[in-house]
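Reviewing the structure listed below.
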Amino acid sequence: MGQRIHFVVDPQGWCCMGLIIFIWLYNTIFIPKVILFPHYEEGNISVVAVLCYYFCSLFCIGSLLRASVADPGKLPENPKILTTERECWELCNKCNMMRPKRSHHCSRCGHCVRRMDHHCPWINNCVGEDNHWLFLQLCFYTQILSSYTLILDFCHYYYFLPLKKENWDVFVFRHELALLRISAFMGLIILGGISRLFYTQLMGIFTDTTSIEKMSNCCEDTSRPRKPWQQTFSEVFGTHWKILWFIPFRQRQPLRVPYHFANHV
């Protein structure tokens, strides 16, 4: 996609990300096999419902993989600092390198990240200026996929007509109830956690503050003007075209910010 591959060597992050991929694989394999395909063959649901589920699944795993390997905004060893921007840079007391203001040093990754929001073990990467948009898309599509899965689990027992023929897969047919209960349990857990995280991320973009700034109470800068929400979202996603905010399979282009708003670049 035209971006540098950023790989973090962290066994804990690998385990967390592996768990997320396992849950995604579980729902992507068993939900169509137990619910979508049998009910589609008997005319209870349309092909649109099947395609929408796979599109949500594709966008979810696509944003996850891209957010995990995308460069979050790692600073180079010898950054070029323009004379007009020297006052917007500061010295990191951990790696002794110059960095733009609002950057933060990640002790787990071992380097500074521009406009770092937090280090997320679930993607095994930092969430920073260059991959924040992918993290938001991951939260959004995870909520959509979890909600869709829960709706299908509910409709399978309480709304759809009973299947006329048994599932050809003996294992799935015998353990159908257990498979759907596990799916519903994982869906509820993920939906609850991701919804809260997504809400805090949206509020951070609306107020133009990162999670680290909120925790350190360093965002009470009255000299920094408040940006319109369209501006902050456009800066995060790298485009003013709102339809592109929902597409993870593209290359982000940083926007040129007006001088009186350029407080982190």
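Glycine too: its Cβ is placed from the backbone N, Cα and C atoms.
Pulled from TrEMBL, these are the features on record:
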- 12-31: transmembrane segment (TRANSMEM)
- 43-65: transmembrane segment (TRANSMEM)
- 90-216: domain 'Palmitoyltransferase DHHC' (DOMAIN)
- 138-159: transmembrane segment (TRANSMEM)
- 179-199: transmembrane segment (TRANSMEM)
Worksheet item: Quick one: mean pLDDT on the domain 'Palmitoyltransferase DHHC' (90-216)?
Response: 88
Worksheet item: With DSSP helix as H/G/I and strand as E/B, how many residues of the domain 'Palmitoyltransferase DHHC' (90-216) fall in helix, strand and coil?
Response: 70 helix, 17 strand, 40 coil
